[in-house]
Each structure stands twice: as C-alpha cells, then as structure tokens.
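A.B. asks: Take a look at the following structure, please.
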Amino acid sequence: PPSGDAVSPSSASSAPAENSATEHDLLAPDAGQKPPGPTPSQSRFQVDLVAEAAGAADDKTPTVSGEEAKGRFRVVNFADPTGEGSVASPEAAPTEGMQNGDTVMSETSLHSSTGGQHHYHYDTHTNTYYLRTFGHNTIDAVPNIDFYRQTAAPLGEKLTRPTLSELHDELDKEPFEDGFANGDELTPAEEAAAKEAAESKGVVKFGWIKGVLVRCMLNIWGVMLFIRMSWIVGQAGIALACVIVAMATVVTTITGLSTSAIATNGFVKGGGAYYLISRSLGPEFGGSIGLIFAFANAVAVAMYVVGFAETVVELLVVNEINDIRIIGTITIIILLGISVAGMEWEAKAQIFLLVVLITAIFNYFIGSFIPVKSKEAKGFMGYDASIMWENIGPDFRGETFFSVFAIFFPAATGILAGANISGDLADPQMAIPKGTLLAILITGIVYLGVAVSTGSCILRDASGNVNDTISSQFMANCSTAACKFGYDFSTCKNEDTCRYGLHRDFQVMSLVSGFGPIITAGIFSATLSSALASLVSAPKVFQALCKDNIYPGLQMFAKGYGKNNEPLRGYILTFGIALAFILIAELNTIAPIISNFFLASYALINFSVFHASLANSPGWRPSFKYYNMWVSLAGAILCCGVMFVINWAAALLTNVIVMALYIYVSHKKPDVNWGSSTQALTYHQALTHTLHLSGVEDHVKNFRPQCLVMTGYPNSRPALLDLVHSFTKNVGLMICGHIRTGYRRPNFKELATDQARYQRWLLKNETKAFYTPVFAEDLKQGSQYLLQAAGLGRLKPNTLVLGFKNDWRDGDMMNVETYISMIHDAFDFQFGAVILRLKEGLDVSHIQGQDESLSSQEKPSGMKDVIVSIDTSKDSDADSSKPSSKATSLQNSPAVQKDKRSPTVPLNVSDQRLLEASQQFQKKQGKGTVDVWWLFDDGGLTLLIPYLLTNKKRWKECKIRVFIGGKINRIDHDRRAMATLLSKFRIDFSDITVLGDINTKPKKEHMAAFEEMIEPYRLKEDDMEQEAAERLKNSEPWRITDNELELYRTKTHRQIRLNELLKEHSSTANLIVISLPLARKGAVSSALYMAWLEALSKDLPPILLVRGNHQSVLTFYS
C-alpha cells in the first residue's frame, strides 16, 4: 500500500506469528525492571496506539495487562513479511500531527510506530532493533540515567548507549568495539564496587538525622563542654570566651560549607574527607590527607577514651596513671565490640548516648536557675548582674588568649563525622550539607549559652568555706560581687588556696546542675560517643584509601566483610594504634597533634573548593549553592593560621608529613584518573597562556626552533627523535608528524587509539614532543596538511626535519619526486628545512623486537596487537608508510612482536649496525667535535642548532668547530671577521677553518662515480625526437635534462668537492652540521637535487643538512 494509506486490518493480522513471538520475548525481560518512565499522559512523544486494527490482530498481538499498560505500550502493527510494501501507522494515527509517512522504513523487517522508554537494550547481532519512544524504529536511545553510571547499576548489567559507529557507519561494516569514552573506564576497584552494589541487598543506610546530625553533634560536644568550658570563661571572661567560640565556629562553618559544596558535586562514595579531597584535588593531596586523617581519627579514639578513663579514675578517687591505662583498655575493647557488631548497633548506641548528653545539658541549665544556700560558699550564687559584670573581662592566669583558644578548638572539630561515613548514607548529597551545618549551628549556640550562663552565676574564686563571711568594718569598701552576697574570698584568692569557682574547679558544672551524677553521665556519654564515631570513621576512610591502591603496600586493608562491607582489618589496625596511645595516658601530648591533623584536612577541603572554582571546569556544578571561592580560600588560610597558633611545632611537623606523602604519591604516579581540579586547572592555564602567547610579537631574541619532525611512528626512527629532542627539549616545540597512507579506507578509530598510545610512549620515554598522525592520499598531500595545520597559535612549527631518503635509488622514482617536493613545500611555507643522514640509515621498524618497549607498557584495553614483520628489503626513510610498499598502513606499524617466546632471529650485520647507530644520540657524547660548515648565510639556524645542542648535558663536552668558505688571498681576514661575528653572538667555538679550495675541481674518479649514479635518471633529450622527449618528461617529471645538467655543472662539482673536503676535515666529528644546498623550483629536477644531496653527504659521520628560512634567528643586540 502507498505510504499515506492506512493499513487494512487483514494485512495487519497476516503478519507472521513469529514476529509477535520475538516481540513478546523482547518485552518479557524488562517486566521486572521498569524504570519509572513517564506515563503516556505526561509525555507528548509517547502515543498509545489502540486501533481497531488491534482487534483483528488480537490473536497475534502480545496481550498486556491493564496495570502494565500504564508503563508499556501495545504493539499494534507489523511490517509485511516480504518487506516490499512499507507499512504506515494504523488509523488511530498520532493526533499530534506526526504524519503517517513518518513510520515508513524499508530496511528492517519489524516495524512499530510505538514503544516505550524502557526498551533500552538493543542488540546489533540479530538486527532486531528494539522499539523506541519515537514514532518510528530507531536504535538511537533516549536519555537514561543508566548510560551515565560508572559502575553497573544494582539492578543489572551496565547499560551503554549505542556508539556513534553503530548509528553512523555503513551497514556492512562491523560496528567497532568502543572502549569507554573520556576516561570512564572502570578500575578493578570500581568493578569490585559494582559487584558489591549488586550483592548489597539489605544494606543499612542512614538518613540525615541519624547519619549526620546526631553523629556531628556527639562528636563536637566533647569533654570540653562539661570540664573545660567554665575554666575558659574564668580565664578569658564572658566576652572573650564568646569570641573564642565564634572564631572556632567560623572556621568550622566555612569548612562545613565547603564540604557541602564538594559533597553535592556528584555522587559521594565511602571514605569521607579522603574521598572528597582526592576526587577534587587528585590522588597526591587525597592520598596524603587520607593517611593522616585516618591516623588522626585513630589517635582521637585514644584521646577520648583517656578522657573517659580520667573521669572514672577521679570518681574512684584514686589517681594512678596505670588505672587510666587499665580502664582505657577495657573501654576500647568494648567499643571495638560495638562497632564490629555493625553500623546498626553503633547507630543505636549513638542515639542513646545523645539522649544522655542532652539530658545532662538541660540538667545544668535547670540547676543554674535554682540557687541553693549550701552551694553559695563554693561560688554558685545564682544569676546576678554584678557577677556577670565582674566576669565579663579577661583574667588570664598563666595563659594567653591563644593558648586558651588552642585548648578549646578541639571541641569544635568533629564536623566531618557525618561525611566520614558517606558510604553508609542513603542520600549523602542531601544529608551532608543539612546535617553538618545544623549540627554546627546547634552546638555553637549551646557553647555560647554555657559560656554566658556560667559567667553570670558563678564566681571566679571561692573557698568553699561557709565561714568566710564579711566582717562589718569591711562592708564599707567592698567592691567584689561576693560582698553583695555577704562573702569575702579575698584571703584565699591572695594566698592562691581557693579550691572552687570558675578558675579552680573543673567540675563546677556538676556542682551547679540539678542532679550532679547526670553531668558525670553526660561526660561519659560525650567521651564515649566521640570515641565511637572516630573508631568507625578511621577504618572507613582507611578502607577507601586502600581500595584506590595509592600506597601499594596497603592493599590488604581494602577487604570488607558482610553485607555492609565492614572493614574488619581496618578496625583491628585502628584498635592497635589507639591502644598504643592509650598506654601513653597523657592527654596534653596527644591533643595538639590531632587538632593539627584535623585542621590540615579542613584546610585542604576549603582549598579544593577554591581550586575547583578557579579551574572553572564544566564538571564543577555543586547543587549546594551557598559557597564562595574566596570565602573558602579565606577558610583554608584561617585553618593554617589556627594550626600555627595552637602549636607551631606540631603544625610544622604536620606540614612536613603532608609534603613528604605528597611527594611520594606524585613520584609513584598512581594509575588513577578522577578528573580532579588539578587536571582542570592545568588545562585552564595552558589555554590562557597559549592565547596570551598569540598576542606576543615575534622577536629575533626569542626565536626558538619549533620542529615538525617526520618520524613516522615515534619509535621507528630513534636517532632522528633523539637528536631533535636534544636541541628542542625545554627550548622549543617538537611535533612528531606521521603521514599514514594506504589504499584502503582510513580507519580513523585506529588513528585515534594510536595517537593516544604513542603520545603515552613519548611521555614514558621522557620525550617532550607531540605526536600528530594524519591520513592522506600520498606523502606530498600529507606533508602539506602537516605544514599548514600542525600546531596551535604561536606554538606552530617553523622548521621541517626529515630523515634522508637512503633508498632513493631503488623503488619508484615518484617517491623521490614526493620527497623533494616536501622540501620545496617547506620553503614555500617559509619553514626552515633540516635533513639528518646516518650512513647506516634511520628506520628500525623492520627489526624484530624493536617495539617491545611499546608493547610492554600498558595498552589501552581493546588494542589488539598485530604480529607482523615487514618485508622492507632496504630501509625507507621517507616515511614508514610509503604508498609503494606492499603492506597497508596497519601492517606498517612497527613490527609489534608480542610473542616473547618466538625465537628471535639473529640480526644480520647491517641490522646490527643500524641498531647501534640508532642509539648513538642517547648516550653521552664525550670529548668530540660538532663541525659546523656554515657555507651560506640562512639567518643563522645552521649555527643556532649546534649551539643549542652543545648546551645539553650529553653534548656538553663537544667543541664547536666552524668551517667557512673564502678566497685564498684573504684567508686571515675572513677568519678574523668570522671570529668577531661569533664572539658578538656569544657563541663559544674552538676553532675556525677557512676553506680556500672549495672551487677546485673534484677528483676525476668522484666525478665519474657521480655520472654513473645519475645515468639511469637522465632524459637524454638530445638523442630523441622533441615530442617524445616532452612526453617522457611529462610522465616522469623527475628525469634530468641535458640542459639543466650543463647549466648546473659547477654546482654539481661543488657538492662533490665539498664531500671530499668533509672527508678530509670532519671524518671524526660526532656530528656535522652543513648548509643544505638549495635548488630552484621547476628548474632543477628532483633526481638531480637528490643526487646532489647524496653526493654531498655520503660516507660521513652523522650529518645534518640545515637551511633556515633566511630570516635572522641570531642577534648581537641586547
């Protein structure tokens, strides 16, 4: 039927039954895992097609239950089996005005105008494309969260969207196996995580109150609240005590905001502070902080347990340090039992402890409103303005503001307690900001409340002696608040014997409170809950650190047990560390180091927010908006400042440890890629500077050789690579150009993988170069592409470097034509040209085993290694993929011999020599010479390259000898002129030789040898008809005409003569640098030019033929 017509029911029902069967099978697996896709009414694309046709086709259409029909659509019409007539939609066509014609497609045998979002599997092998949301069949997928997951979804295998190749390539081609794009590969750790995710049914996850708020509040309210807060008020006074609390709160609030920003920028896994810092700043900072943070938490356990044990010991009124040790050890064993029992038990314990703590706080506040006569002598008088006034100013006794601050600050830490168990939270992105910030607010208010209330109702000094009342004559000149209540504590204050009051009595809060023992219970609960939280945090952080395998020795601690993946080994380790510190039993030695470790983590969290905002990466888009990069930076600086204020020695130690770990990790270079902001900033800076560079004018003083080196595969011509790298390293740009030719259709996928692979190879070999492959019809076209397009902005090459074409005489002469035209093109584009010749040759790609350095390194998954050996009889130095060679460009990749067991063929002598020669620029050159034959002035490049070379370590000991041409009668004059020039250029040379005999005729036998060499390439037009000669010249443009041979006879002689002189003077040089002879385009045939180069450079040490672009590259002006 024509596409506009509706299908008659009979044709619809005549569709073969097997179609419905396959349809049914395709739908079935999805029944269990329907994503909550929009129902038809919500989406304007999904149209429920229920046609009259369905009635007729009912027997074959899979029936769908009413409930299912909400999420799924009935399949109504099928294509006719022959595929001749295209099928259009049935009558109940979409009302939106999708025309019936939209559904027509002729390629496939199965057609439907409908299909829901959940058919997201498609399968290319059977060519049954699953039905999609849109009106016609397409394997294009609609957006789906599963495509963006890194690990497999808990419900099934990882889903991938169709690759570009599957949608875009021709049908007969096999779709490529695509790797993951943009560094999304799963590391083994992540794959393990995926497995866990699949197994983890029945995992306990916490909400924001239980998981974050409770934990943070318990961790922040430590012992300080009950034992030290009143003492701080006594020392600093109400006003400064409030300032101290406010300062600490500011630091923690800024850090809380930063934590929230990082935690809401993407999915947070387990590992708390470590996870946040490492994923945003990279493994170096993350790894160093992770270790320190886990250690600090382990030691914090000890600190809290010792605090608990001290209180118990005081209650028992024995004061033995060993008792503290015994009680501490018993306590930590019990705590370990609770936490190993699992997170649920630990959370239940936390809730119970919080209730006790809050009761104790209320108990204190209630007690402070009930003045009791018996407590007055101990300094508690009830609220009174005069007491408040007296206590508002500071009264430091043996302390300073900062030392008091240092004692209080550990009480404000603990804000990361919730973030540290990020892996156990149901929704970390919501829970961490909400819980952490609320906890900071509540605890801050309570601290301030306690500070003000203790300062307003308790005296600083009291004797506890009821009889210290005021004598009558004293009444007149009594000014202290105590006088008002009829007490006089001046004697014990002067004699320093008072035992009560804010200054003296640490237990003053239990004195004030309604029922004393509850405060003791509060102290117990505060210490134990903090200990418990730290005991859980440390192993979780450590486990996350070990999973990432940043420190190779720690793999064993990554293993988790049970459905919650509890890090039991980590618990044991934490227990061990904590126990060691409990046995020290001295709180004041441990506390400052812990504070410093925590502060270092806080500083880095703040810094990472600043850094991420600065790098301006598109991936930084936290859903928590209330942060500011400058506030975070201020927070980071504040944290560092506080570290040094608290204890400068410990702060220095912490910094040294962080730096040491940082250096270790950056030296190890762990194989992780987390897309950190360090990477983003590197890009940002490179981009800014490259753009900035484009505005910089050229100046001769700043000239740098920027070389486009035709290396082919970078490892196929080591000598060329090493030599050019020697003079461009840290000086100029180096691009390894590679023209890939071949008659088959270019495989761009392979080009891209090779690009990455060889760039990695260059980096591994510490070669500072870029690898740029291009596909082209032939070498000439490819070299033009590279000459025009390589580079970026001012980072563009200005010098073309080639290997000399050693095999120019065998094979097709058109290759020589292309080779010479590359040199002409370079000059056309205002490039300089450099040609390197080694008499042994350059290309080692045909030698077996050359590529082991590459294959032994990591290969991207999916790189299949080809074992090929190339039948290159002699080596070709034009490019590794000459069009003439039989092999295509894939087989031209340097022989990759992966099979190490295959017997290595003993190398023949020439190959042996070639290998040795190819490595000669890698070793130190020793005391040799670099001979510069500066015959023609090309702007100075001929001189600049040797100068740059001899500046390098390998070439340091080589002396530069300069050879110039001159007239016999002015030799001294010429030498002096050149010496002056070189000294003006500030270039050291050991010796200048003026050659007066350049224009002498070369020896007869050398001339004869040259004639013999060019014999096969002559046109000999004098011996044939003019027309025939022209025809031959057109078909073989490289032929040498008799005319040009005559015209350039002297130039030919000069090349042969120079070769004689070179052999005479420079046969022992480490390297010869000589001016490259020029040939006028169109006047000199390529065979003659090639012959000149051959004659000039044959049988010599390594020789560089150099010709700049005739613009000065040297100057003697400052």
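The backbone N, Cα and C atoms fix where each Cβ goes, and this holds for glycine too.
Residues or ranges marked as compositional bias 'Low complexity' by TrEMBL: 1-20. According to TrEMBL, the domain 'Amino acid permease N-terminal' annotation covers 123-176. The domain 'SLC12A transporter C-terminal' feature in TrEMBL is assigned to 717-1118. Positions annotated as region 'Disordered' by TrEMBL: 1-45, 81-119, 873-905. The transmembrane segment annotation in TrEMBL covers 239-268, 288-312, 324-343, 349-372, 401-423, 435-459, 508-532, 568-585, 597-615, 635-665.
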A.B. asks: Limited to the domain 'Amino acid permease N-terminal' (123-176), I'd like the whole-number average of pLDDT.
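C.D. replies: Mean pLDDT across the domain 'Amino acid permease N-terminal' (123-176) comes out at 64.
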A.B. asks: Under 8 Å for C-beta pairs, could you tell me which stretch among 324-343, 349-372, 401-423, 435-459 has the largest tally with the transmembrane segment (635-665)?
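C.D. replies: Comparing 324-343, 349-372, 401-423, 435-459: 401-423 has the most Cβ pairs near the transmembrane segment (635-665).
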A.B. asks: Counting Cβ pairs under 8 Å to the transmembrane segment (597-615), which of 324-343, 349-372, 401-423, 435-459, 568-585 comes out on top?
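C.D. replies: Ranked by Cβ pairs under 8 Å, first place goes to 401-423.
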A.B. asks: Given the transmembrane segment (401-423), which of the listed stretches 239-268, 324-343, 349-372, 435-459, 508-532 has the most Cβ pairs that are under 8 Å apart from it?
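C.D. replies: It is 239-268 that shares the most Cβ pairs under 8 Å with the transmembrane segment (401-423).
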A.B. asks: Could you tell me whether the transmembrane segment (239-268) and the transmembrane segment (508-532) are in contact, taking contact to mean 3+ Cβ pairs under 8 Å with a sequence separation of 6 or more?
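C.D. replies: No, the stretches stay apart by this measure.
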A.B. asks: Are the transmembrane segment (349-372) and the transmembrane segment (239-268) near each other by the rule of at least 3 C-beta pairs under 8 angstroms (pairs 6 or more apart)?
C.D. replies: no
A.B. asks: Checking distant contacts: for the transmembrane segment (349-372), what same-chain residues at least six beyond its ends satisfy Cβ-Cβ under 8 A?
C.D. replies: 210, 214-215, 217-218, 221, 225-226, 338, 380-383, 446, 449-450, 453-454, 457, 509, 512-515, 518-519, 521-526, 528-529, 532-533
A.B. asks: Let me spell it out: take the transmembrane segment (324-343), skip the flanking residues so only those 6+ beyond its ends count, and list any with a Cβ under 8 Å from a Cβ in it.
C.D. replies: 204, 206, 301-302, 305-306, 308-310, 312-313, 349, 421, 424, 528, 531-532, 535-536, 562, 564, 566, 568, 571, 575, 578-579, 582-583, 585
